Amino acid sequence: MMAIRELKVCLLGDTGVGKSSIVCRFVQDHFDHNISPTIGASFMTKTVPCGNELHKFLIWDTAGQERFHSLAPMYYRGSAAAVIVYDITKQDSFHTLKKWVKELKEHGPENIVMAIAGNKCDLSDIREVPLKDAKEYAESIGAIVVETSAKNAINIEELFQGISRQIPPLGPQENGNSGGIKLGNQSLQASRRCC
């Protein structure tokens, strides 16, 4: 029987870059042309095989609007990975991506896997962000970089497979461990002392 690992993943980025569309395409293999902006955050799951394990992605799709920015730490806290999404047709979204990366490095989990998704690659004829720039930036921060199209289902699976490959496998002693706090039995007598 394969071990199932739950991996919390959050999606960050400007409003309108396609975070929700990426999640819908990955989880439901569906694209909605009229998707509404996310309010706060939404949550979906999908389990995929990775080596001798199953990775159950617990995906938090965060709102991109500035007014919801202060909620983001609640979603990336404890995350195994973060997908920072930008729109290849909007240079501003790539600049905002760098702010998200800075915030993750300062306040996120120490060993978080970072993936950069340049979404809307189906619109490459109106591209503002060269892939070369994204690759150089990703390399400078040790992140995965993938250009995606949620609309045309390009590289969506590859994005999450790339994240899976970056997650270290469980060691033999960790199999079956939920990762929670271990409680041990200690003698109460030793701890009962008067001040």
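Cβ atoms here come from the backbone N, Cα and C positions, even for glycine.
It should be emphasised that the depicted structure is a prediction, and the values quoted were computed from it without experimental measurement.
Checked against Swiss-Prot, the range among 30-42, 95-107 recorded as motif 'Switch 1' is 30-42. HIS33 (GTP binding site) falls outside any helix or strand according to DSSP and counts as coil.
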